[in-house]
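Working notes, beginning with the structure itself.
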Amino acid sequence: MNNSFKKTIKDFLIMIFSQFVFLILSILRVLILPIFMSLNDYGYWQLYLLYISYVVALSLGFNDGIYLKYLKYDYDDLPKKEIRSGFRIFIIFQIILCIALILLALVTERTIDSIILALVFLNIPLFGINGVFLIIFQTTRDTKSYAFYTNIDKLLFLIVLIILLFFIDDSYLLLFVLIVLDILTRLLATLLMIIKCKELIIGSVYNLSKSYKFFKVYVRIGIKLMLAGIIAILILGFSRFFIHFFESIDDFAIYSFSLSIINFVLIFSAAVSLIVAPMLGRIDKNLYSKCFVKLRAILKLFSYFLLLPYLPIKLIIENIYPGYITMFSYLPFVFGILYVQVQMQLLINPFYSLLRCENELLKVNLFTLIMTCSSIVMSYYFFQNIQVVVIVTFINMLLRLYLSEAFIMKKLNILTINNFKALLTIAVLFGYIAFMLLEFDILGVELLILAIFYQFVFLLRK
């Protein structure tokens, strides 16, 4: 076994362990908070998390530019003076943007929404600096550092949170304590990364003109990938914004809680996908097609298993979170979204990056976003029902998956999958959802078992 393969396996195992720890921390946080917070305050906590998920857009793709440009580099081979020069301009830009947006949020009417927005904007330089270091760890396959710095702020947050819950019994006060704690733990993680990678900030730099040129190069390279990523988040996020503006904050809290249930797996798969692309980038181009077919078959099989926890989760919600049971009218569709998203993150997105098809990824995501927004608005106008919003979101995300698969398979000269197989997959998904909604839960499970068996046979044939 050669050293490269050993390192690949080691990196992958470290990443899996890291994300397993992250998964446990996230699960504990999501399960604890709804017990100690009112629906209203939990809704505003989820609103803070929703806004903060789009802060990465304010980096303008600087992080993604570094990721794409140095995908095959080791840490010692990085042009540190070039990165350092562009990085300093980036930090200055982030700080100025942070101050300007906080002032803008506070000069408007002082509502809880504007205060939460100001606190979100306070995270801008933290997410920017944090993101650069994490992307470099991922690009250079420093999985130990990535694993540690990804989890340290989450671990500290959870430890302090558990201690504070013994002293705080006011749900409204807890809301703002959580937000401040989130910012402080992120600040600590960022400072620790600065200490570790100080050579990326401290040291000689090029003159201002040349430094700004490097900054622009990274932005130009990465902005399309960043936009594609933000649009991909918006495809699912638009439904949350829509429900926030047109339904009550309680309805928003319940819907956000349902998404939090699947978000554990999505965060895990997103992190794993960031190590998949560098791994794929080191294999022979002639093997891309074979890798895609094999990985696709394995993920189809794996994705079916992700639907099985529906029943135990339903029982947990019924017994521990009775205030959230209205989500059962659309929870099966949320699990359908999970099925689609895992394949997008672990298969489609890495191959888009590998083939340098950021333009095509941006186009398909933009098309899906337009379709999602327009269909949600029209369907809500006629039905005024959250369930319809979730169904429409699921259908559009399923459409994006198959459009992306078709493009990549064409690009890699892979024969299009058998139509029967595609139709069977869709039929199984919708059959599962229909049976779950009708409460014939055991039939839904039987459908999944049949789908898994079929996929396993298909995988063996390959």
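From the backbone N, Cα and C atoms, a Cβ is placed for every residue, glycine too.
Keep in mind that TrEMBL annotations are predicted by a computer and have not been checked by a curator.
Features as listed in TrEMBL:
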TRANSMEM  12-36  transmembrane segment
TRANSMEM  48-68  transmembrane segment
TRANSMEM  114-136  transmembrane segment
TRANSMEM  148-168  transmembrane segment
TRANSMEM  174-196  transmembrane segment
TRANSMEM  217-246  transmembrane segment
TRANSMEM  252-276  transmembrane segment
TRANSMEM  297-317  transmembrane segment
TRANSMEM  323-340  transmembrane segment
TRANSMEM  361-382  transmembrane segment
TRANSMEM  388-408  transmembrane segment
TRANSMEM  443-460  transmembrane segment
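Contacts between the transmembrane segment (174-196) and the transmembrane segment (148-168): present, as 3 or more C-beta pairs lie under 8 angstroms, all at sequence separation of six or more. A Cβ distance under 8 Å defines the sequence-distant neighbours of the transmembrane segment (148-168), meaning residues of its chain 6+ beyond its ends; these are 18, 21-22, 25-26, 28-29, 32, 36, 133-134, 137, 174, 177-178, 181-182, 185-186, 188-189, 192-193, 196, 271. The listed stretches are 48-68, 114-136, 217-246; of these, 217-246 has the most Cβ pairs under 8 Å to the transmembrane segment (388-408). Sequence-distant contacts of the transmembrane segment (48-68), counting only residues of its own chain at least 6 positions beyond either end whose CB sits under 8 Å from a CB of the stretch, comprise 83, 86, 90, 94, 97, 116-117, 119-121, 123-124, 127-128, 131-132, 135-136, 138-139, 179, 182, 215, 217-227, 229-230, 233, 237, 240-241, 244, 256, 353, 356, 358.
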